[in-house]
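Below: one structure, written as structure tokens.
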Amino acid sequence: MGDGVPPEPARGTHPSPAVAASSDAEAIEILGTEDGLPMAAEDHWKVLFDQFDPENTGYISTEKFRNLLQRHGSELDPHKLEVLLALADNNSDGKICYQDFVNLMSNKRSNSFRQAILQGNRRLCSKALLEETGLSLSQRLIRHVAYETLPREIDRKWYYDSYTCCPPPWFMIAITLVEVAFFIYNGVVLDRFVLQVTHPLYLKNSLLYHPQLRAQAWRYLTYIFMHAGIEHLGLNVALQLLVGVPLEMVHGAARIGFVYVAGVVAGSLAVSVADMTAPVVGSSGGVYALISAHLANIVMNWSGMKCQFKLLRMAVALICMSFEFGRAVWLRFYPSAYPPCPHPSFVAHLGGVAVGITLGVVILRNYEQRLQDQSLWWIFVSMYVVFVLFAIFWNIFAYSLLDLKLPPPP
């Protein structure tokens, strides 16, 4: 390798720490050099990197990185070498920046690579997923979902190889079925399915949020089961199934459910702060949280996203969101069927968007990595908690201090 590079330790000497497979391991173990990469201080990796980057561009090619791995980690089995190479070249552009190089060589690898090490008997496909042929319908669906939601090829391979559809994406399907069931029930009771919100008895339902009944805490969440009409329900259901189900297939019910519920709660609280005299109905807060997080993730990882027609898909999603939001704005200022109470507020949509581009983006970006280890995750969680606490105190004190004239209770 040239001057300035310490020689590799001989066998029999005290080995350097390294990552290796262990059938019973629950964490990364420290093993010998026969199955790992040597550890060293960062200045050592700087010397090593500069030898492969004589022009100081800040990048080395994947081929040079392969040669380096074969020199310094010659005992790595081919599977681990393949995963490490794919992880290093996360944008599939054939180049590796210095910081990624240091993180990898100094053992700061992502959870996907750790899982590949710990489950060394698993074999990821050796070529790009799009080149795989002879796939069944279900395999093609899983591949499609991987390319729709994940920006890195290594994550797409790992997801495709490990997804078992157990459990299925139950959360989004269940919440959708409950919303449809409540809408049908209300339609039968009110004998109206189009613009149910204009019915005189609509506000008497104990699920929707009403400013006079804001002390009933369940209404900040259960309002998602009430919709203004079939056009409102149809758009929300279509959007949350088309976007929410693939996201849940990749990120799991816990993460997607958290984003959805956080958007719902933020939506009703935002209305109680910014549009204090209006009721709230519909699941738009949760839907907009998921969609805005997904769209923001695509924009932030534009070069790595390989989904087909991504620009067209984004345009269609934005058009549908704009149409639904415009309908909500129009309805809010349309003369109310039950004065003096106005029609439902549109501010819940904005609360959902705020959650999506903060908490949602962090959750979608960190596929298969522990969120509690991400500093940005804690920053946005803290911001969300502060907003919730502020909204609670606002609801307790601001209404009386501002001496607002609220509509009578239903």
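Just so you know, glycine gets a Cβ as well, placed from its N, Cα and C.
TrEMBL annotations:
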type	residues	note
ACT_SITE	Ser284	active site, nucleophile
ACT_SITE	His349	active site
DOMAIN	40-75	domain 'EF-hand'
DOMAIN	76-111	domain 'EF-hand'
REGION	1-21	region 'Disordered'
TRANSMEM	170-190	transmembrane segment
TRANSMEM	256-274	transmembrane segment
TRANSMEM	311-334	transmembrane segment
TRANSMEM	346-364	transmembrane segment
TRANSMEM	376-402	transmembrane segment
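Comparison of 170-190, 256-274, 311-334 by number of C-beta pairs under 8 angstroms to the transmembrane segment (346-364) places 256-274 first. The residue listed as 'active site' is 6 Å away from the residue listed as 'active site, nucleophile' when you measure Cα to Cα.
Each residue in the domain 'EF-hand' (40-75) has a pLDDT score, and their mean in this model is 71. Residues 197, 228, 231-232, 235-236, 238-239, 243, 275, 278, 282, 284, 288, 291, 295, 298-299, 342-346, 349 of the same chain, all 6+ positions outside the transmembrane segment (311-334), place their C-beta atoms under 8 angstroms from a C-beta of that stretch. Least packed by the Cβ count within 10 Å, out of the active-site residues Ser284, His349, is His349.
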